[in-house]
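Q: Structure provided below as structure tokens; questions to follow.
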Amino acid sequence: MGNCLHPAELSPSTQNSSQLNSDLWNFSYDGNDSFPDVDYDANLEAAAPCHSCNLLDDSALPFFILVSVLGILASGTVLFMFFRPLFHWQLCPGWPVLAQLAVGSALFSIVVPILAPGLGNTRSSALCSLGYCVWYGSAFAQALLLGCHASLGPKLGAGQVPGLTLGLSVGLWGVAALLTLPITLASGASGGLCTPAYSMELKALQATHAVACLAVFVLLPLGLFGAKGLKKALGMGPGPWMNILWAWFIFWWPHGVVLGLDFLVRSKLLLLSTCLAQQALDLLLNLAEALAILHCVATPLLLALFCHQATRTLLPSLPLPEGWSSHLDTLGSES
């Protein structure tokens with residue numbers, strides 16, 4: 001296969017066929033008629049398929065494994081801190097929702113090796129579909145949880161609005177599961193690699209998945225920023241609660257944008273005139289995917305930083321929950 005940089009060479013059979021056609025042409029038209037010269041080499045170069053180098057190929061396996069291990073360790077540490085008895089992170093506003101963010105990050109970290117290239121050709125389509133389901137399901141759930149945490153803020157405290165956290169959790173994870181159905185049905189194993197399937201029969205599923213990613217990863221954070229700015233401009237209150245956790249969308253926003261562009265190109269709704277443009281889009285797809293994968297390491301760090309800042313501010317002014325005062329008195333008497 002050739003590409004825009006290295007054209008495909010003719011095989012011997014193709015060369016013989018071309019020579020035969022040329023001989024027949026010269027034999028049939030041996031008169032004084034003149035015909036325009038045609039640059040067959042230039043036409044061949046233009047017709048050669050455009051080929052892009054995949055950054056996330058077998059050589060990227062160490063990257064997948066390292067990110068998976070670090071993500072599992074970091075998410076597990078954060079979950080331990082959240083559920084550790086009498087630990088001050090439980091005073092963090094909306095900590096049950098934040099703990100679910102760590103769960104989503106851990107789930108993503110676990111399935112990263114399943115979708116990683118270079119682990120052999122033994123993976124089945126069912127395993128790949130499950131991997132994509134958890135991959136995108138955890139990401140969708142984290143984005144929706146962040147949106148609710150930003151919108152409701154301190155109201156998500158477990159003791160302030162009974163049942164709100166549980167109801168939101170079930171609803172948001174359910175919505176995330178529904179949003180993963182298109183990519184789950186439109187993915188499988190090809191040549192031993194887990195990959196989304198692109199075909200006319202699956203075009204509706206591909207379009208639905210692209211729209212879901214665009215809505216959750218791109219439009220949701222833009223909507224939060226817009227609501228924040230609009231409420232502030234109109235003096236209608238503080239608006240969505242802006243904090244360091246919003247940096248999570250930096251890891252998935254490019255993925256949503258580039259995935260939408262790729263779907264438009266595959267559907268021929270957006271035409272790329274040059275091979276270089278197609279190669280640039282493929283490169284952006286790889287970079288956006290790598291950035292999205294890194295979120296499973298960054299999310300626990302963002303959670304730790306947020307809870308550290310929140311508890312440092314709130315701890316002196318908040319009344320201690322039942323059981324904390326006796327625990328602190330015991331520590332004071334021992335000292």
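Note: Cβ is positioned from N, Cα and C throughout, glycine not excepted.
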Q: Would you say whether Swiss-Prot puts R84 on the same side of the membrane as G153?
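A: The record shows them together on one side of the membrane, with a shared topological domain name.
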Q: Just confirming the record: what cysteine out of C128, C133, C148, C275 does Swiss-Prot connect to C194 via a disulfide?
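A: That would be C128, the partner Swiss-Prot lists for C194.
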Q: Quick test of reading the record: Swiss-Prot lists a disulfide for C50. Which of C275, C296, C307 is on the other end?
A: C275
Q: I need the CA-to-CA distance for C50 (disulfide bond) versus C194 (disulfide bond), whole Å please.
A: 22
Q: Using a 10 angstroms cut-off on Cβ to Cβ distances, just flag whichever of C128, C275 is the loneliest among these disulfide-bonded residues.
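A: Looking at the disulfide-bonded residues C128, C275, the Cβ with the fewest others within 10 Å is that of C275.
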Q: Could you tell me the mean pLDDT the prediction assigns to the topological domain 'Extracellular' (116-128)?
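A: A mean pLDDT of 80 is what the model gives the topological domain 'Extracellular' (116-128).
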Q: Give residue numbers and ranges for long-range contacts of the topological domain 'Cytoplasmic' (228-243): same chain, 6 or more residues beyond its ends, CB-CB under 8 A.
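A: Counting only partners 6 or more residues beyond its ends, the topological domain 'Cytoplasmic' (228-243) has Cβ contacts under 8 Å with 149-154, 306, 309.
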Q: Please report, as numbers and ranges, the same-chain residues at least 6 past the borders of the transmembrane segment (244-264) whose CB is under 8 Å from any CB of it.
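A: Sequence-distant neighbours of the transmembrane segment (244-264): 101, 139, 142-143, 146, 149-150, 206-207, 209-211, 213-214, 216-218, 220-221, 224, 270, 281, 284-285, 287-289, 291-292, 294-295, 298-299, 302-303, 305-306, 309.
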Q: Which listed range (63-83, 95-115, 166-186, 207-227) shows the maximal number of Cβ pairs under 8 Å with respect to the transmembrane segment (287-307)?
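A: Ranked by Cβ pairs under 8 Å, first place goes to 63-83.
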